[in-house]
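What TrEMBL annotates here:
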{"type": "ACT_SITE", "residues": "C:133", "note": "active site, proton acceptor"}
{"type": "BINDING", "residues": "C:16, C:77, C:78, C:107, C:108, C:109, C:110", "note": "ATP binding site"}
{"type": "BINDING", "residues": "C:26, C:27, C:28, C:29, C:30, C:160, C:219, C:220, C:221", "note": "ADP binding site"}
{"type": "BINDING", "residues": "C:108", "note": "Mg(2+) binding site"}
{"type": "BINDING", "residues": "C:131, C:132, C:133, C:168, C:175, C:176, C:177, C:228, C:252, C:258, C:259, C:260, C:261", "note": "substrate binding site"}
{"type": "DOMAIN", "residues": "C:8-283", "note": "domain 'Phosphofructokinase'"}
């Protein structure tokens, strides 16, 4: 496709917020300035685009946001953007500001929107993988995933204090939607007795077996990590099933919840977000469009959005194997 | 009662664990050594006392525990200790080790046990207030309360990132049993829209009113702190009631749960636990018995256990007033 | 002095920044609004007052600052304010904005400025103790002190990991200017072998003795806390003296430095700052002037500034005693 | 060399400690048990090996160490191991315990020891990269590096609070020996004005230029990251040079120091250490010897120790470029 000259970039965050989104926005703004481009912030995602909630951004607007969780551009769901009329309004607003390219930071739904918008109006757009769930192909790690894993294990470290003081069995539910990435990392990182993820069936009988065998080995406290999207149910349901088989166990459940989405981004996520923010601007300058920028094997890679959002990224077989060996 | 010479002190933790319990145990052991007394650790609270799970402690046993959450002596509930037979066995075990005084670290149930034991067998015992709930009279702050407040606001800071990114209303449930201390601190400390505590009725209508008035003032994100022991129900129930009145609000609920019990103790709790640990040993040496050591107005105070466990400690009127002013 | 009606309050931060200053500003702004007063933010302390760097503040200006370290009003030193001409200009600027009362948040130098200003121009002003050093009379704790203690012990916890892995002796220098408050708290909170503070001489020989006696007791790692304002010098100097006597020791020095001034305020400091911010506004309304608001024994107390800045606050004798017992 | 059957593995940590070493030890012990091997812990590195400070390890010995910084096996330097006699004694001690393979966790000096020992006595050994400096080839990241980066940026976040409150220029010195990895990550992660690393010369004039141009752009606070091993000197020296050119700047220096070595390991480091611990045991079982296990492009890779310790690993060109773009 012909290399159109880009002069004004719009940037928005969409979908669930993730730590590092602000770092990515900052990198987009600062690298755009570096290349003498103008940047416009679109507030509240596609919804703000339709409502023309758009503001020019300068370097000073992104000062002191690098280290903050959430997204200062805010995020929202937009029903209207799902309609052709909504998208037409959105396009008209972009044009009225002279914006000729988009950077969209978010998860698969957000990137799908960018893809659609590109197909219908030819707006070059680059997606950045911003989600704690790590469920996007085209990048080893999504922005926010590392921070969410740290948040999870820090919380579980605290729970372990209580678990071991009371010889209790804790079921801790972590986020991740349909993906078990956070759960597997948290499972290994917290020395869990077992880790239940959506990608793998673990019959309750096997879990009971594992717990009983650990009891024989005099392991008195146990933490079981449960991914929220599991097919056998969440932490609460599974704990009830287990309780039936192990009625004498002192069982507790904690659902970590939304605190996993927030917090100051980790060093890893700040670096990742910064590099991807620069890559988005440089990609647009070099004529990339309808792609997601990611990092695979330490190299910037641009993957067609259509391919990035196909959910075929899998929990590393070897990670799961290690989790199992270490929990015996 | 006559000032018996103490030579061997037993120390145990009982009830829910709290950050700083280890610091208190360490202080008991080290100050006992300083005064040339022997110390015995009783594992798993009164249950371990009955089962004779008792071990002599040296300074090296309490190295590197000061900064750790939980209690390395472990804690447990004991049905048997509620029976006269159980307590007799416990007493026999104490005697068999030559233990002539007890330091009991825990909440009101734990202190009640110490009181009973004193009354029945004349064992001098000093209680230390170890609970995150801060619901003991005889001390301005219980061991673990400050850490729990810090843990709560750090978690809520993360939730606020998400709340403000999405203009959401979050109901966050904090611990505290029947007491609103953690809730009020967390409410002020997180700039909450409202704080619901067991000690005060706040009709749902008033809460709705507050939220609506804030909406007019363009406050787009809101956090409501709910103490677990509230009469109008927990965060989940209240959120449902509110949802009926404010159906367009994007409402989420997080129950912080047991992570509030763990974690490395704060500077405040380490200091408090250390001072109280020393005060317990010095109190026993000076003939105190059947009292709880606490700190009121920066001074060590010994309060009869019977009085300390009477639940008449109240959330500071002025704190609640400040919370209200600042949330308008 | 007669109770003038206050309608416009100016607020400034001055001197070294401290965690919780933002929470105090927020409380001043929000409680002023609550009482239907206007508030003006004076940027960069007295320097900004002279340069007329003054802006009206609304509730939205103080949104999301409660949890942030530093001060969004910024702070600066002002040579000019020390001159009568400078103060005249400052006064003229206040009057031009119709500001009829001041809230000054800072340490003793900042409060001295407020006192002087009051004496010369009759501007009612209330000081709030904002300094990590805790060296102001008229309050049990200054805003920022608790956070600084937490920051110090968290850093020392990390250093202890290394100290104990290598059986090393670490000298850790903490802040506090001429006061040993942070040092004593950090000393107890980190289980230090010794704590050197400005208020107490500890001859190097005694320190050597203590270290040798601990070596006999097989304590292989040691941390010595040194307050920056000590008469025997800082951590570096003392470590050199000790090295001469204990040449085989593996000695390291860490000067924690300015990181102790920053960071998100603790729950305690948020509560303290919030209560004092409200107390400042309510004090002005009730005719208080030329006083510092503090909290003593859990009650709001207004102390004449002249008395608050007299440096006679002392490290608690008992805290020092406890530090000594626990480090044997 | 022929695939000898391994039955008893010795594990030691050596050199500077790094967060995650305990997680690696735990993984070695638990996976060895999983494969029915015995494990012996060698305390205080090669020094302990010479002094026969060796103890059999069971799963319970490594309970609750996963989340702790430092190394419970302790570390030490050994002059004696550099002599043939010392190594002979070490070998004799190994044999007396029937240990037929070694896992050595540490930096390049530690791995060199393992290589030498292998060459002289044929003891199969696998090294694991345990150092915060990330200066080992054969792995994308060393154990402890990610945690050290997080520790550094969290400290710098606090310093930034102060820097921005006072419009100051801070020089912050981070660790890394001769390598700039921590510095570059911290530079990007903290939005530094400049990052000075050993691998690149940055004349003071250029730094002055950068600072002046930022001053024109009204950036009032500045943080400059200085790697400890820089050729132009440490943070203190550079700050003095800059002060000469910019005498009106309010300049401060903080040397983060040893706190960067400690702390609870990050999720990333726990995962890395766990996987490498398993890889070490499985490598030995499969006949690997004289290699370091690392992770490159998300895959376990065994690199001859001789090659891993050649210091040719370089800071990513692109990371440095991104740092520069974002600091303009």
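Just so it is clear, glycine is given a Cβ too, placed from its N, Cα and C backbone atoms.
Where the annotation comes from TrEMBL, it is an automatic prediction and has not been curated.
Here the features listed in TrEMBL are painted onto the structure.
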residue: C:16; record: ATP binding site; DSSP (3 states): coil
residue: C:26; record: ADP binding site; DSSP (3 states): helix
residue: C:109; record: ATP binding site; DSSP (3 states): helix
residue: C:133; record: active site, proton acceptor; DSSP (3 states): coil
residue: C:219; record: ADP binding site; DSSP (3 states): coil
residue: C:252; record: substrate binding site; DSSP (3 states): strand
residue: C:259; record: substrate binding site; DSSP (3 states): helix
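Rounded to the nearest whole angstrom, the C-alpha distance between residue C:28 (ADP binding site) and residue C:78 (ATP binding site) is 23. Long-range C-beta contacts of residue C:78 (ATP binding site), restricted to its own chain and to partners at least six residues apart, with a cutoff below 8 Å, comprise C:45, C:46, C:47, C:50, C:86. Cβ neighbours of residue C:252 (substrate binding site) (same chain, under 8 Å, six or more residues apart in sequence): C:163, C:168, C:169, C:170, C:171. Among the recorded positions C:26, C:108, C:109, C:133, none has a Cβ under 8 Å from a Cβ of chain D. Confidence over the domain 'Phosphofructokinase' (C:8-283), given as mean pLDDT on the 0 to 100 scale, stands at 95. Take the mean position of the Cβ atoms of C:16, C:77, C:78, C:107, C:108, C:109, C:110, the recorded ATP site; other residues of that chain with a Cβ within 8 Å of it are C:14, C:15, C:45, C:75, C:106, C:112, C:113. Comparing Cα positions, residue C:219 (ADP binding site) lies closest to C:175 out of the binding-site residues C:108, C:175, C:259. Annotated pair residue C:177 (substrate binding site) and residue C:77 (ATP binding site), C-alpha to C-alpha distance, rounded: 17 Å. For residue C:219 (ADP binding site), other Cβ atoms within 10 Å of its Cβ number 18. A 10 Å cutoff on Cβ-Cβ distances gives residue C:107 (ATP binding site) a total of 23 other Cβ atoms nearby, all chains included. The highest number of surrounding Cβ atoms within 10 Å, among the binding-site residues C:28, C:175, C:259, is found at C:28. Spread of the substrate binding residues is 33 Å (greatest Cα-Cα distance among C:131, C:132, C:133, C:168, C:175, C:176, C:177, C:228, C:252, C:258, C:259, C:260, C:261). Put simply, of the binding-site residues C:30, C:175, C:221, the one whose Cα is nearest the Cα of residue C:16 (ATP binding site) is C:175. The Cα of residue C:108 (ATP binding site) lies closest to that of C:133, out of the recorded positions C:26, C:133, C:175, C:221. Rounded to a whole value, the Cα-Cα separation of residue C:221 (ADP binding site) and residue C:110 (ATP binding site) is 41 Å.
Taking the Cα of residue C:30 (ADP binding site) as the reference point, the closest of the binding-site residues C:175, C:259, C:261 is C:261. Among the binding-site residues C:26, C:77, C:107, the ones whose Cα sits within 10 Å of the Cα of residue C:131 (substrate binding site) are C:107.
For the binding-site residues listed here (C:26, C:77), the lowest count of other CB atoms within 10 A around the CB belongs to C:77. Remark: of the recorded positions C:108, C:133, the most isolated position is C:108 (fewest other Cβ atoms within 10 Å of its Cβ). Annotation for the binding-site residues C:16, C:109: lowest Cβ count within 10 Å of the residue's own Cβ, C:109. Listed binding-site residues C:28, C:30, C:77, C:109 compared with chain B at a CB cut-off under 8 A give C:30 as the close ones.
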